[in-house]
Amino acid sequence: MASLLQDRLTTDQDLLLMQEGMLMRKVRSKSWKKLRYFRLQNDGMMVWHARQAKGSAKPSFSISDVDTIRNGHDSELLRSLAEELPLEQGFTVVFHGRGSNLDLVANSVEEAQIWMRGLQLLVDLVTSMDHQERLDQWLSDWFQRGDKNQDGKMTFQEVQRLLHLMNVEMDQEYAFSLFQEADTSQSGTLEGEEFVQFYKALTKRAEVQELFESFSADGQKLTLLEFLDFLREEQKERGCTSDLALELIDRYEPSDSGKLRHVLSMDGFLSYLCSKDGDIFNPACLPIYQDMTQPLNHYFICSSHNTYLVGDQLCGQSSVEGYIRALKRGCRCLEVDVWDGPNGEPVVYHGHTLTSRILFKDVVATVAQYAFQTSDYPVILSLETHCSWEQQQTMAQHLTEILGEQLLSTTLDGLLPNQLPSPEELRRKILVKGKKLTFEEDLEYEEEEPDPELEGEQESELALESQFEPEPQEQNLQSKDKKKKPKLILCPALSSLVIYLKSVSFRSFTHSKEHYRFYEISSFSETKAKRLIKEAGNEFVQHNAWQLSRVYPSGLRTDSSNYNPQELWNAGCQMVAMNMQTAGLEMDICDGHFRQNGGCGYVLKPDFLRDVQSSFDPERPISPFKAQTLLIQVISGQQLPKVDKTREGSIVDPLVRVQIFGVRLDTARQETNYVDNNGFNPYWGQTLCFRVLVPELAMLRFVVMDYDWKSRNDFIGQYTLPCICMQQGYRHIHLLSKDGISLRPASIFVYICIREGLEEDES
């Protein structure tokens, strides 16, 4: 594929023109629009820019960081400048993660099309690369960075500089001996294949070689039977057949002769260990593998809080980009906070704050466009409506006209249901969650107390969510204040669009059981939900077995920080709404949890969280509850990135922290010692032992840190996954950045062993 990339760079007309460079207008805001000269580098992997054609250039972006390319009409910013800049000449480069988009306007429609086609071609080529092709490309990138004078050769001085760039601290004599061995032409420099051989010598995996030789009779190859023994004994693939072993040999053995003889060389063995089959995440859990025909309340549902915000809760920007990003990462429940806007058009923003405003109809159009690009399963629009009767009618009109057939506007069979439909039954449907006047025609209109969520989450959190219950006298005052507040009159046209998800206020579990129906849903602030878990964990579990619950972050989180969703999942809460614009541990847990089941945004709850008679209490789980002992040997690391890329001489001192998040008794963390000055191939060889009472709810997180004795350790990379999706045996963990973007080829090599029941800690 890397060779295919090189071939396209010399034959594709668009890419050839991009390598020559073009002048385009870079647009950051309505007031910042500047001309810049953009050029694709000759390796096809980087785009640089300069103020003018022959000016000093600097990197703009890497192709591997690009998610997709959009035309100008799909750019929120460029649309706002349509009178000034022609949309047909504009396009947007969208990056993975949470980075800002890059909006560009070319000098002509033709030039814009050249860049859009060319960039999309490069993104497609990079996306389809396999492990070896990515490694080849990675090596090519490093060679270009190390070859300071760009003459296609590397002197030993350039190699020494490159080693520092690659996070390697190495004895100069040893480095020179490797350099001389690789310099087969004896030219005093390394070229092309010589550099590849130098890299192979540098990255020789002694721990993998030792493992390979322990199963190989001659130390040169693994026969079919030897490889089968390895898969069954070490990888715990009990049902592995010789046909599967043969399939893996065909897939990963690089030599044709090895494939013909049904043997695996050391290179093939390493290729297998670095592949998806050798990954810690079980490939069987990657596609949709769960039963999707159960009622909605039986699933954890990937949910977003104040989806329209891409910044903080007080002054942050509201943007349809928030909805696009949430939907593309598999989010299935979106929040829409709607207020009266000018010219009769409802607007979306965080009320009573300085956050910017966007049109409700633009949000609906965005949802219509992106709802089912990542997942076919239903999207829930959680409406928080603060609009007048007239603008509620406008909302209903926009929902009906823009969403069309996508909008669920009646029960599936036209009859009153007796349970919630399943994700499978609701495929490619958009549901509205909100206040409803009635459900059955013969029900009289019922006056309900204002629902804290629908009266505005920010209003329900006045007094900054005091942890203490108010005194009786204060409660009376509060109720008087409530009566004074004008009550919102619900428009029947909007009410009629709420089918299965009628929002109701929560009073108590007993009240819900006696007065509410399965199609009604309550919202809880994180403070209230956590208190209920501590005080009545089992009742909360039983409540969530028949009714949906939504939990939202505390009003104190004005910086858009997050809570740990695990504590709420432990009680079976289905919609744990997250500030998805904020990276960190909490979003790592959320992303890791929903990585399974095709990333479709729905994960089936364990059976003990779906049973209305369940005796499970997350605060006091029955012990042992399918308990396990988890042994993790952290063996080695590979090509860890620098923490501070601006300091050429700095080398990381890595350590690995392993964390378990689950029920309170399972939550634990341990870490290895740190390795001095080696981010390239550090070796730890340390075994960590964990006891897990409820593995069905446990999340496992690996974090690589740069040890710093003077201050907090710096983050290098992480990977988080559900324990039930973990493969045993010798596995590679491919690290992700803070933003959840792949850091390949950075990885750690581990050995995982799960033993049923609890064991005494041998340490």
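Any Cβ shown, glycine's included, is placed from N, Cα and C.
Since this is a predicted model, take the numbers as computed values, not measurements.
Annotation source TrEMBL lists compositional bias 'Acidic residues' at 441-462.
Helix, strand and coil counts from DSSP across the domain 'EF-hand' (134-169) read 23 helix, 2 strand, 11 coil. Annotation source TrEMBL lists domain 'EF-hand' at 134-169 (among others).
Annotated domain 'EF-hand' per TrEMBL: 170-205 (among others), in sequence order. For the domain 'EF-hand' (170-205), same-chain residues at least 6 beyond its ends with a Cβ under 8 Å from one of its own Cβ atoms are 139, 143, 152-156, 159-160, 163, 270, 636, 638-639, 680-681.
Taking the domain 'PI-PLC Y-box' (494-610) as a whole, pLDDT averages 96 in the prediction. Residues or ranges marked as domain 'PI-PLC Y-box' by TrEMBL: 494-610.
For the domain 'C2' (610-737), the DSSP-based tally of helix, strand and coil residues reads 6 helix, 60 strand, 62 coil. The domain 'C2' annotation in TrEMBL covers 610-737.
The region 'Disordered' annotation in TrEMBL covers 441-482.
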Same-chain Cβ contacts of the domain 'EF-hand' (134-169) under 8 Å, 6 or more residues past its ends?
2, 5, 43, 45, 126, 175-176, 179, 187-192, 195-196, 198-199, 202, 639-642, 648-649, 651-652, 676-681, 744-745
Tally of helix, strand and coil residues over the domain 'EF-hand' (170-205) according to DSSP?
22 helix, 1 strand, 13 coil
